[in-house]
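Novice: The structure that follows is given in the form of structure tokens.
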Amino acid sequence: MEVVILAAGQGKRMRSALPKVLQPIAGRPMLEHVIAAAQALEARRICVVHGHGGEAVRARLQHAAVQWALQQPQLGTGHAVLQALPHLTDGDMALVLYGDVPLIGVPTLRRLEAAAGGERLALLTVELADPSGYGRILRDGAGRVVRIVEEKDASADERRVREVNTGILVAPVARLRDWLARLGNDNAQREYYLTDIIGMAVAEGVEVTTVQPDAIWETLGVNSKAQLAELERLHQRNIATRLMEDGVTLFDPSRIDVRGELLCGRDVEIDVNCVFEGRVEIADDVRIGANCVIRNARIGAGTRLAPFSHVEDTTTGRDCVIGPYARTRPGTTLGDGVHLGNFVEVKNSAIADDSKANHLAYIGDADIGRRVNVGAGTITCNYDGANKYRTTIGDDVFIGSDTQLVAPVRVGRGATLGAGTTLTKDAPEDQLTVSRARQISIPGWKRPVKKKAGE
């Protein structure tokens, strides 16, 4: 089977410079969701028909394994599919999808493909309590589909029909080529409707069959930011349901955002308002506090993330404790049992087992050994305005509060750095290193006093 995805619309109601099909659902362009569904069907070929903002669309999805066809100007859905025909092969079946219908399910599409067989025309239809705005499915007395009428061209009786066309269909490529060549635009919109091929199929004796989706929301399109937000919530709720079915405890399923791929082990708990972006892997028995943001990370078993922690491009070992208000940036690797407390930031650093930085520290471009204590207010001075340098700290080091380590510098195994030290040279193993001004007290010193007005 071959797939045609119509993605040429402007989306004026979006009121956005971003092409409609690039508007995001769960952190990915809507069109990317549709392409993923087509790929899951193992389609022989995927052709995307683009138009408005075509350069931006192609640039954003340049790595997708698709072919591109330009529709310019946009003269309706039939005209759009016509642009894809040079990429299609007679003898195959063609599935028509839409770049602004991002939640279409693969099981539904498989049933539609099966219904079409190798020679029938299969339509995906739904029955709506309020069918306003949709093309109506018209059937004869025996229940056979005879044609589709768009609402603007429908009579009063036809508008009362509740079964509507979703636009998604499967048809033989050879017949599709013939039907599209004969399309006219004698309608209220002066456009070439893809739906007109149904009447042609019926006239030629081609069987037209219909399939209902597993859920109506699969067929919902997006034409406004309000509809975009509605589908976002639907999608997130579906993700939350799948997570809970897999054993994840969500404190409130309506307050989680997954904008990528989230893989969870057993007995994972996730509090409210957490955001997961990219690929996130969470091992067994992990607890994630409220309002955390986790992006492209692997969280080790038994780890605890306290509220308001941000974890990005990070790998943690087992039984780590992070936060509250901690941040790990790209390139961070934590061993087992590492503690990062409130207002600790780590970037491009490796911290080995059982080391701790419990509060108010910046660790950048550093390699820290086992069982190291990083005191409050400690920073690695890794940037000289032009280049960045690394700090290396051995096992069993104790770093006093308010210490600055000016890289490149090494702290030997078992060393102690006194509070307030500014370390500019390597600190030897198993020694106390202190670098600060000598403390003095001045007897009789008087604090300056402000002069009063008139004095």
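Think of each number as a place in line: the chain as shown, counted from 1.
Yeah, the Cβs are placed from backbone N, Cα and C, and that goes for glycine too.
The structure displayed is predicted, hence computed values, not measured ones.
These came from Swiss-Prot, pasted as-is:
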- HIS359: active site, proton acceptor (ACT_SITE)
- 6-9, LYS20, GLN71, 76-77, 98-100, GLY135, GLU150, ASN165, ASN223, ARG329, LYS347, TYR362, ASN373: UDP-N-acetyl-alpha-D-glucosamine binding site (BINDING)
- ASP100, ASN223: Mg(2+) binding site (BINDING)
- ALA376, ASN382, TYR383, SER401, ALA419, ARG436: acetyl-CoA binding site (BINDING)
- 1-225: region 'Pyrophosphorylase' (REGION)
- 226-246: region 'Linker' (REGION)
- 247-455: region 'N-acetyltransferase' (REGION)
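Quick one: where do these features end up spatially?
Specialist: According to DSSP, HIS359 (active site, proton acceptor) is assigned to a strand segment. Shown in sequence order, GLY341, ASN342, PHE343, VAL344, ALA376 are the residues of the chain, 6+ apart in sequence, with a C-beta less than 8 angstroms from the C-beta of HIS359 (active site, proton acceptor).
Counting every protein chain shown, the Cβ of GLY99 (UDP-N-acetyl-alpha-D-glucosamine binding site) has 27 other Cβ atoms within 10 Å.
Non-local neighbourhood of ASN223 (Mg(2+) binding site): GLY11, ARG13, MET14, LYS20, ASP100, each in the same chain, at least six residues away, with C-beta under 8 Å from its C-beta.
ASN382 (acetyl-CoA binding site) falls within neither a helix nor a strand when secondary structure is assigned with DSSP, and so counts as coil.
Packing against the region 'Linker' (226-246) from elsewhere in the chain are residues 14, 23, 25-26, 102-103, 217, 220, 253-254, 256-258, 262, 264, 270: each is 6 or more residues past its ends and has a CB under 8 Å from a CB in it.
Over the region 'N-acetyltransferase' (247-455), the average per-residue pLDDT in this prediction is 97.
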Novice: Hey, does DSSP put ASP100 (Mg(2+) binding site) in a helix, a strand, or just coil?
Specialist: coil
Novice: Go through LEU6, ALA376, ALA419, our binding-site residues, and report the one whose Cβ sees the most other Cβ atoms within 10 Å.
Specialist: LEU6
Novice: Rounded to an integer, what is the Cα-Cα distance in Å between GLY9 (UDP-N-acetyl-alpha-D-glucosamine binding site) and SER401 (acetyl-CoA binding site)?
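Specialist: Cα to Cα, GLY9 (UDP-N-acetyl-alpha-D-glucosamine binding site) and SER401 (acetyl-CoA binding site) are separated by 59 Å.
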Novice: Counting distance between Cα atoms, which of the binding-site residues GLY76, GLU150, ARG329 is nearest ASN382 (acetyl-CoA binding site)?
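Specialist: Going through GLY76, GLU150, ARG329 one by one, the Cα closest to that of ASN382 (acetyl-CoA binding site) is ARG329.
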Novice: If you measure every Cα to Cα pair among ALA376, ASN382, TYR383, SER401, ALA419, ARG436, the residues listed for acetyl-CoA, what is the largest value in Å?
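Specialist: Largest Cα to Cα distance for the acetyl-CoA-binding set is 22 Å.
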Novice: Hey, how far is ALA419 (acetyl-CoA binding site) from GLY99 (UDP-N-acetyl-alpha-D-glucosamine binding site), Cα to Cα, in Å?
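Specialist: Pair distance, Cα basis, whole Å: 60 Å.
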Novice: I'm trying to understand the geometry here, so how far is the Cα atom of GLU150 (UDP-N-acetyl-alpha-D-glucosamine binding site) from the Cα atom of TYR383 (acetyl-CoA binding site), in Å to the nearest whole number?
Specialist: 65
